[in-house]
Each structure stands twice: as C-alpha cells, then as structure tokens.
Amino acid sequence: MSVSSIADKIVSESILIVDFGSQVTQLIARRVREAGVYSEIVPFNRAEEAFQRLQPKGIILSGSPASVVAEGSPRAPESFFQAGIPIFGICYGQQVMCHQLGGKVTANDVDGEFGRAFIDVIAPSPLFENLWKVGEKHQVWMSHADRVEALPEGFKPIAVSDGAPFALIADEKRRFYGMQFHPEVVHTPDGGKLIAHFVHDICGLAGDWTMAEFRQTKIAEIRKQVGDGRVICGLSGGVDSSVTAVLVHEAIGDQLTCVFVDHGLMRQGEAEQVVSLFREHYGIKLVHVNAEDRFLAGLKGVTDPETKRKFIGKTFIEIFEEEAKKIGGADFLAQGTLYPDVIESVSFLGGPSVTIKSHHNVGGLPERMNMKLVEPLRELFKDEVRDLGRELGMPDVFVDRHPFPGPGLAIRIPGEVTKERCDILRKADAVYLEEIRNAGLYNAIWQAFAVLLPVRTVGVMGDGRTYDSVCALRAVTSTDGMTAEIYPFQPEFLANVATRIVNEVRGINRVTYDFTSKPPGTIEWE
C-alpha cells in the first residue's frame, strides 16, 4: 500500500466524536484508539465541517454539563441523523439524540444518578453480543440529572437502571444507540469493550490503525509540507521533542537542524545523553548551546518560584532565537505539540463559544521569525507518543523517561539556585532513580525525583557533627498528571535510598519522603 493510500485509509476509517463540553470527552477518543481505530474530537458547532472532511464511518455524541431542555443548549447537526451511519450517544449525547428525533427529555434537579450504578440487560443487541446477556446485571458509572422520558419512534430499551428506565436504548435498523451512563470511564468495567463493539461490529471498522501506518503517513505529510525547505527543532531531552526530532529527520534528513539549549539545570548525564543520541547515533545536525553560566547568573539571588520560571522561559526563547538566526534560512519550526494541547474545548457560559488551547514551546518565535509550524504529533496522546518512539527504534531510556519540567532542577531547589546546590541535587537524584530502576519500579511510577530543601539540620557522621541540607524524595502514580497518588514504597526501600544518599552525597545529612497526593499538593514543589 502506498503512503498516500495509507493516509486516505486512516481518514476514511475513522470515528468522529462530537464534543458537547464533557470533562471526559478525551477518554472517548482514548477508548476508540485503544480499539485500533482513528478518532477525532470536534466541538459541536464545527461538527458538520469535520464530517465533510473526515467522512467517518461512525459518530459518537459526548456528554455535557448543559441541559437539553435549556434554551440555547447545544445540538447535533440534523444531517448526522440522515447520513446512514451508526451513532452512539453518551449521557447528554443520548438525550440530545432523543430530543432531536422526537422523544422527550425532562429536567430533574432532585434525584439524578451520580456515581456507581447497576443496569439490568432486558433485550439482546449486536452492540454487546458475546459481551452481555439478557438477565445479567452490570456495573456502570452514571452522572446525570435530566433523563429521557419517552423514546423516539424506532427505539427500544435494551437495559434499565433504578434511576433510568432507558439506561441503554437502540434503534437497530438505523444503528443508533444511546446510553445514560459513561462507558468511557474506568468505573464502567466493560465500557471500553462496549465502545470497541460499536466501532468494530456496528461500524464495521477493522481496528488496524497502527503506529507503523501513522509513522509512514506522517513522513509523507512532513515531506509534502516542507518540500525543499529547512526545519529547526528545539530539543529539551524530553519524550515529545525527542520523538518529533527523530520522526522529522526520518522524513527530511539534513534539512533538519536541532537546537539543544543546555541550561545547566538538567539531571545527571542528561545533556550528554541528548548529544550522543541525536548527533552520534542518529546523525542529526545538532547545535549544542552550553548556556549554564548565563542561566545561573540570571538566577542569582532569585527565590520566588514564578520569577524563576519566567526568567528561564524568557532566556530559553532568547537563546533559541539567537541560534535560529545564526543557522539562517529556516522556513519551519518543528514542535512536539500533543493532541490534548490542541483539542478545542467548549464553554456554555454566556452562550456557546469555542476556546482553542494554544501550545507554543518557544513562545511567539514562529510569528517573529516568519516560520511555519510542523507538528507531527498533534493527533497523539502521551502514551501513543511513547509507542511511536518505540516504532522509530528509540532507546527505552528516552521513550520511557519520566516527565521533567522545563525549568529543570531550578524548581526542585526551593530558594536560591546555585551550581553547588544543582550538583548536590543531581547526585542525590541519580542515586534515587538508580535504586528505583534496580528494583524494577521505574515504569510503574509516573514521576520520581529528589528535592533539595533550603533547610539545614544537625547530624552525626563518624565522630563529628554535621550541619547540612535536607533532601526530600517524591514519587507519584498518575495517568495524566492532573491528579496523582503517592507511590507506596516499602520502608526498607526508602531506608536504603536514604542511607546511600547521606553516605554518597556530600552536603546532605537527612532524607525525608513526601506523602502528599495531588490535590492538595502539586507534583513539583515549585
């Protein structure tokens, strides 16, 4: 199959997800992708345009904080119901479908269903063939006040709950399905399978969307967009920019130049790893700027976390712009923008409006230098970027790397940042991560790091008194970084790490562990 044919195949074998403003719409896309089918999320007021572009094989209508019976609440394009393709309505999506097709929805401010609920399957359906059987009871997750009171013509109930007589409905002839619960959340145990049944059995999609196909498609798109032009890419050493650089280089070779601004605030050995991988292993043209002195000079005397962040971000952009001008002739800027950065969100306060989340890793640089953006990862979620990195043959040490903040160690050193304190923290952090890897725990943890506190305590080493710094250890589990739980290390593990740090890292004589979840705390200390 040719590259252009692969691109056409991905677009034609897709699911369109219409967003009515639900907080969990992204999870719908995740479940469809997990079923091996490409999906796109669009706000309801741009859905018709997206439908014409994608020509999807099925439509999913999301939930919403709005009420179908409220004046001005969002609607699906009427043309969707005449298109002859399957539709899957979730919560508000079910209600709006029923309302637009002649059913009745009532507002309910008293006794809605919220949280775990159970549905009883009362009729068979191709939607859950070989998954659920008539007479069975299944756990789902509800979050609704309004509910459907009367079904449109052609629909019948196929599952009920205590608070929803039409918990799951079907018009099998038109292949329209609606459910009052949320199959996209993990609290509906069979929800992912239900969505997979919809895209495979109802929409007839094979589920063969793979990273290998995505890779070839993106290579073709990059070559078409860039032509004979030149591209620069800012490398941070993180997963997103690294995968972007390798993919773009595979597409256009020496037309790409990467700029790696080393601010002296990276983890131990990280700068050397970046240079080695990209310059020596991949043969990518790389400009390595050692700007440690410039950053540390600007941070002298600075203790406020926000001031640190702003200075580091501003200085990074200045240096990147200086280097880009030295390179000269660049027509494009490659960025590691991801799908959550560009999904359009919908607000209903004061009427429907669309806010597009912007994501510029180098601020306004593209506009100031008259460059066009190349964003090959903009359709991917974070874990899919890691999958693409593996598909590209990148080393696990880069692909599976824990998130690392742009300001680096500066926000893991509360108080003034100095070279001496950076060096102390680097060593402690390296010991901690080494022990985590040795225990086989690295990939079970979302993020782990050490923090060097601006606190000194008395200790005893040998026969002498010490008065040195305190190191705090942090490790959390998370799926998206929005919320996080502490990682439950065994006490023996933490005791071993603490012993190694105080013995091997001069300048630290006490180690603590941070037991704070997010919320109320943040993952980073500053």
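Keep in mind that glycine also has a Cβ here, set from the backbone N, Cα and C atoms.
For C91 (active site, nucleophile), the same-chain residues lying six or more positions away in sequence with a CB closer than 8 A to its CB are S22, S62, G63, S64, S143, H144, M179, Q180, F181, H182. As annotated by Swiss-Prot, active site, nucleophile applies to C91, with the evidence given as sequence analysis.
Annotation comment: Swiss-Prot describes H182 (among others) as active site. Around the Cβ of H182 (active site), a 10 Å sphere holds 22 further Cβ atoms from the protein chains shown.
Here Swiss-Prot flags E184 (among others) as active site. E184 (active site) falls within neither a helix nor a strand when secondary structure is assigned with DSSP, and so counts as coil.
Annotated ATP binding site per Swiss-Prot: S236, G237, G238, V239, D240, S241, S242, in sequence order. Residues within less than 8 Å, Cβ to Cβ, of G237 (ATP binding site) and separated from it by at least 6 positions along the same chain comprise F260, M266, E270, A271, Q273, V274, F404.
The feature domain 'Glutamine amidotransferase type-1' is assigned by Swiss-Prot to 14-208.
The domain 'GMPS ATP-PPase' annotation in Swiss-Prot covers 209-401 and is backed by sequence analysis.
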G238 (ATP binding site) to E184 (active site) - Cα separation in whole Å: 29
Among E184, D240, the most crowded of the recorded positions [Cβ within 10 Å]: E184
